[in-house]
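Submitted below is the structure of interest, expressed as structure tokens.
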Amino acid sequence: MDPRTSGLRAVSQYLKQSHERIFENNRKWVATKRQVDPDFFTKLAAGQKPEYLYIGCSDSRVPANEIMGLEAGEVFVHRNIANLVPTIDLNVMSVINYAVRHLQVKHIVVCGHYNCGGVQAALTPTDLGILNPWLRNIRDVYRLHEQELDGIKDDTARFNRLVELNVVESCRNIVKTAAVQQSYQDNQYPVVHGWVFDLKDGLLKDLHIDFEDMLKGIKKIYNLPTSATGSKDSC
Amino acid sequence: MTGSTDRFTAALERNKEWAAKVSKEQPELFPKLATGQQPEILWIGCSDSRCPETSLLGLNPGDVFVHRNIANVLHAGDLSSGAVVEYAVRHLLVNHIVLCGHTSCGGVAAAMGNKQLGILDPWLMPLRQIREQNLALLQSLSPEKAMLKLVELNVQEGVKMLKQKNVVLEAIHERGLQVHALIYDVGSGVLRELHTDETEEAIKARLTSFKTDI
């Protein structure tokens, strides 16, 4: 057998094992849940009523349910590269729309994390192909806060601050939606929060965004109090 | 809104408990995570709160790179999921891509109905296209079975689209990247794999049509 074939066979064998491990783990998880509450899955089958929408980074080190200590059924989740909320991204806008209009979530959390590869890439003059247009949103965040960021001399401190400001701008883009503005006007929810997760100790930091204040500021330009078509599904 | 604020504070409290527990049980984990990520799996699943990928896979922080959207739909032109696949396959070199649909999916139910849903309509368009292509089959089934069938067809269609991406095609042929179609049963918590066997001919046609070089 030539080395390439045997190498590929070894890889294939390894992949098979690591793949089977997943199903084994899944069975163990089901058994653990059932032990604590025999009706755990029966209840979930009846439907979902999550209080939270979590928008976070795809990064494997930041699993939403684990870091929030929440169970299956408690948090609706969207994760993309660098927890961005581009205003014309149909993907994230559909998630916000469904969570606010149909699930009536009470809180929307944007959670960034220090050492974010996406934010770091946006600070680097490297052409990353198809990733460029996505990551350019982070360069726009830099431009919006250029003066503050340029004033930070330490590279790590500036990187950390850009991670935080990227979360703030994602929150702002959520507040711009008709879904959030109209639901808040009618129900006093959802409230939008910004967090940053620290990989070094596993702790969440609340950026203490003043939601009322942010909403007031946004409404000056982005106010969308009623639908022109009578639709209750706008975003 | 005090009630909700309390619940919110509670989530932050639970994070402190979780971080303390992990630090105690696996003291090396957070220091290791701080140095970088090397996940083996890219998970593309639904935003549905009942499908928490890392928990139901019984895995740790650092193991699974994640994209979750409404009804785990993949659009060829969606930059968000496109960026996730590109980063996970080209830069993180994941060995598996898992596309996972689930039972009782609200997005699939919406696509089986005929109600206008605003911005969700364009997002759910691929589901309606699958519905149209398989209309006779879906109409021959009970509503519940038809829903499950559409969940399965959506995942199969998504896997097809993933394999049409050049970055994925290349990784399959050069380093054995695997793409899996999974269905998660929210009523039992159990994952099952769909078989996506292909003929030699289909694989060849895909390579001819989608393989591109620099």
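Heads up, the Cβ atoms here are built off N, Cα and C, so glycines get one too.
All annotation found in TrEMBL is predicted automatically rather than curated by experts.
According to TrEMBL, the feature Zn(2+) binding site maps to B:Cys46, B:Asp48, B:His102, B:Cys105.
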Name them in sequence order: residues not among B:Cys46, B:Asp48, B:His102, B:Cys105 whose Cβ is within 8 Å of the mean position of the Cβ atoms defining the Zn(2+) site.
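Checked against the 8 Å cutoff, the neighbours are B:Gly45, B:Ser47, B:Arg50, B:Cys51, B:Ala71, B:Asn72, B:Gly101, B:Thr103, B:Ser104, B:Gly106, B:Gly107, B:Val108, B:Val151, B:Tyr184, B:Val186.
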Go through the binding-site residues B:Cys46, B:Asp48, B:His102, B:Cys105 for me and flag any whose C-beta is under 8 angstroms from a C-beta on chain A.
B:Asp48
Around B:Asp48 (Zn(2+) binding site), how many other C-beta atoms are within 10 angstroms of its C-beta?
27
By the DSSP assignment reduced to helix, strand and coil, which category contains B:Cys105 (Zn(2+) binding site)?
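Its secondary structure by DSSP: coil.
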Report, as a single number, how many Cβ atoms besides its own are within 10 Å of the Cβ of B:Cys46 (Zn(2+) binding site).
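There are 26 of them.
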